[in-house]
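Feature annotations, courtesy of TrEMBL:
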type     : residues : note
REGION   : 59-172   : region 'Disordered'
COMPBIAS : 141-165  : compositional bias 'Polar residues'
DOMAIN   : 268-564  : domain 'CDC20/Fizzy WD40'
REPEAT   : 314-355  : repeat 'WD'
REPEAT   : 397-428  : repeat 'WD'
REPEAT   : 533-564  : repeat 'WD'
Amino acid sequence: MGSTGQGVTVVGGLGRAAVPVFLCRCRLDYPECYGGAAALHGSAPGAAVHLPLPLQVRAGPQAGEGGPAPCSGASGHPRTGVCSQHPLPRTQQCEAEALASRARPAPRTGQLPPRKQQARAGEGAGAGPSAAETPPGPMNRSHSFSKTPSRTPGKSGSKIQSTPTKAGGDRYIPNRSAMQMEMANFLLTKENDPAEESPTKKEQQKAWAVNLNGFDIEEAKILRLTGKPQNAPEGYQNNLKVLYSQKGTPGSSKKNGRYIPSMPDRILDAPEIRNDYYLNLIDWSSQNFLAVALDNSVYLWNHASGEIIQLLQMEHPDDYVSSVSWIKEGNYLAVGTSNAEVQLWDIQHQKRLRNMTSHSSRVGSLSWNSYILSSGARTGHIHHHDVRVAEHHVATLAGHTQEVCGLKWSLDGRYLASGGNDNLVNIWPCTQGDSGHFAPLHTFTQHQGAVKAVSWCPWQSNVLATGGGTSDRHIRIWNVCSGSCLSICGDKHLLVCSILWSTNYKEFISGHGFAQNQLVIWKYPTMAKVTELRGHTARVLNLTMSPDGATVASAAADETLRLWRCFELDPIKKKEKEKANSVKSSIIHQGIR
């Protein structure tokens, strides 16, 4: 290529704006230097000159218009692109090269770039003087090279280079016709726009895009593979897909259920524990102390350190402890005895704070609601004790004709559920009625045996679970607001002794007697049996749960305590729960006297 003529402008025949083009100056200002192109000499200013390119070139100043004088062409050569008699200044040559880089047409698919075409054309034409003197005419010159020269300079004549069979030859030139580059640029710049649009406006924009572009801009692809995939030969079958598409490998398959140990985490001896179905002899505090009543004594076992403390022993040898219950904060323990007393003990100082007497028979069940302690006796009466005042007995609930063996306040403190040996379940309000006396809101009579197992759902405050004794052997779920029975489950061979709801899962666990003496975990609300925990050799008497909700302690008539880690949480959820359930200071710490 050579230098550029002054004022040369290309008028695009492809509908584009006029741009400068790189042409030999000798072809316009000094046509005789090109040799054989004398028809250009003396043409009128601004006349259109047809060149081999599919463009129209308007010539700049011609001879006689102030331009350089014509040259003879003897010292110049069309292959060099610069006439030796009329060289361009260095600055104009740099400008000409810059203009040439802009005006060079983009290569088409299957076609070599123009510079490579010219190089190969020069190699095929040779370097003889005849080639320099005789330029091809406008109708004879072609820019589409379908074949490469038969001989390559510098190679032996025996080797013949054939034309590539595919379009493009030795280069891969991507076809961008299937790529939506403008749309891709728009989508990339659109991501930086934080403005939120309403759904209606998005639908309108989608409809406009489909009408204008023919596709949804949200589905536009920056890069896309073209061409249809090859069809599989007829009769081909992929055996690997049949073997491995349905089931994963055993090692990679993830189990949906959690692991529940079938063996107890720890076994403790409980000598002389009373084998009495109607008593409640164990309870676990929020400070991680397990209280166990063994005949006429109460022992405290520290779950963290394993330390055992004897808290009390009855003075009379014939008396025994019939029930124990921790306050919510875990610093005071209520103890019911066979001689109709309710004692209150301070654990930190290991001393008795007060002795409350109002019953006439043994106290087999206890339950706390803030500073109110409720106690159930063999007479069927329930007493409310306000432990802050000297006159502690503040109310009496008469709704059972036989011993109250199950007693539990709801977590929100609105309802008190009581179960008795008369097969009844009573739901009591926390406040007195208009008559000044307490009356049950609901009385459930569906059980056919003594109801000792009573437990409130921790995530639904109006849901209660109750279990019947030997003559019933069923677990019933109640809605205490409507008084309806939500579901029933059980086994005719299972005596229900105790029920506990899990605070970590939507499940509850029940303790049973006689047949297998097992613990059963149930899924709620499907009431499906999750698993059974076996190990006791005599009936289960009581169940209690650790403060973190992961471990269940069971006391049985075989004089053992077994700790089951059946509701263990994963470490992340465990830390979150420990934060939420941080121990608060007792609201009655300064009020008890």
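Backbone N, Cα and C define each Cβ position, glycine as well.
Predicted, not measured: the structure shown is a model, and the values here were computed from it.
Mapped onto DSSP classes, the repeat 'WD' (314-355) shows 0 helix, 23 strand, 19 coil. Taken through DSSP, the repeat 'WD' (533-564) splits into 0 helix, 17 strand, 15 coil.
Broken down with DSSP, the repeat 'WD' (397-428) shows 0 helix, 18 strand, 14 coil. Across the residues of the domain 'CDC20/Fizzy WD40' (268-564), the predicted structure has a mean pLDDT of 94.
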